[in-house]
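S.K.: Summarising the annotation, TrEMBL assigns region 'Disordered' to 118-163. The annotation compositional bias 'Basic and acidic residues' is assigned in TrEMBL to 122-158. Summarising the annotation, TrEMBL assigns domain 'Fe2OG dioxygenase' to 241-380. Feature annotation from TrEMBL assigns Fe cation binding site to H259, D261, H315.
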Amino acid sequence: MEDKSIYLPDNVQMDKMNNFKLLEKKYRFYQGVKTDFSGVIDFNDPKVDLAKHNITQIEMKGFRAYKLGFPSGVYVIKNALSIQKQLEVVIQCMNTYVKRPYRTNLFIYEDNPDWKQTYDPSKTKEGKKEDEGMEPEKTEEAKIEQEESKKEDLDTSKTDSMYSTKSKTSKEYSLDKFLTNDYKKFHFNKKIRWSNVGAQYDWDNRLYPSFTTPMPDIINELAEFAKNVVSDEITDVYDYEPEAVIVNYYDKKNYMSGHLDDGEKDQKSPIFSFTFGCSCIFLMGDRTKDFTPLPLRLDAGDLMIMSGYSRNCYHGVPRIFPGSFPKEEFEKYVRELYPHLYDNEEINKNKDLKFFENNYRHAINYLQDSRINLNFRQVEKKVQQNHENQQYLQEQQQKQQQQ
């Protein structure tokens, strides 16, 4: 039997925690505590025992991919995106998707009429984090777990949850304030934890207000790419229409607690998730937290899909690996493609080059110790495009006629 006290602070009580939380705590960062990563499934490790975890290596449109036996519907496509495409997306995430009209944890524009129209405090659960309030009932075990989690966050972990509301403000983000021409640094406010593209999700109240932004071309390109890659495995994926993209920004010690993606009316269409920057541990669980999740390592350029059964399963990111980003490989690519960006004397003379340098080189600097994740969701049910939903609708109509 596993010793639950190993690799954990003394004040973290594990006896009454469920299996998901147990593994989550095991892989979280704690100051001065060594973590055992031997159980993490690294698809780049030639010695990894896939059969032990009921995982099959397959090929998807020429890409090396992995299919989980359980929970079913999970696919991991390795190195799905080129270096160029990764940099293009990250530059937009750092410079564009953190300003109006996109919503972030620092700027939620409550003064927007469309936002106010759908916000009703009497019908919401105020102050809820992403991983709270998702269990069917608040058991005594859950209460103890919540108290232990709060105590740990305050006393030992010194980490930062992705959806903490403590630093929320309506102050607009100003790129100029964080702009720097130092090629060893980057321009970005690391207090930004998430932003929304498309349908603007309200994290606190777990709903999608009526306000939405147009989908940028590069986002649509990623969606079409993902649909094409998985089309042989998920046959109805061409009906998929991503209406919301959530961008998560992870700093060195940030984490995302175990949760369900249950805010969308459409709970059957798959979720596409892209990783940029540092690698992470992704916990893929079941529909309850009693199941011990699989700890998967995701790397820069990977695409992960949660479809079918797994679409409604618990998952989370307890840890990222600072320094795991292949910085030298990316710098080599940019240096060969844009050699003038590494002529610092020329950059100092040319204002346009300074701005360009603040994109490519600073994006690489940021990714060295950070992770960006984009996940695509279909919000509204597309009944007319989904045969299963059509069948359900017909059954309901027949029941009404019989009544």
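Glycine is treated like the rest: Cβ placed from N, Cα and C.
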S.K.: Applying a 10 Å Cβ distance cut-off over all chains shown, what neighbour count does H315 (Fe cation binding site) have?
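M.R.: Its Cβ shell of radius 10 Å holds 25 other Cβ atoms.
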S.K.: Taking 10 A as the limit, how many CB atoms besides its own sit near the CB of H259 (Fe cation binding site)?
M.R.: 18
S.K.: Could you please provide the mean pLDDT value for the domain 'Fe2OG dioxygenase' (241-380)?
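M.R.: When the pLDDT values over the domain 'Fe2OG dioxygenase' (241-380) are averaged, the result is 93.
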S.K.: Per DSSP, what is the residue count of the domain 'Fe2OG dioxygenase' (241-380) in each of helix, strand and coil?
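M.R.: When I sort the residues of the domain 'Fe2OG dioxygenase' (241-380) into the three classes, I find 43 helix, 49 strand, 48 coil.
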S.K.: Write out the long-range same-chain contacts of D261 (Fe cation binding site), meaning residues 6 or more apart in sequence whose Cβ is under 8 Å from its Cβ.
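M.R.: Sequence-distant Cβ neighbours: I271, M306, R311, H315, N375, R377.
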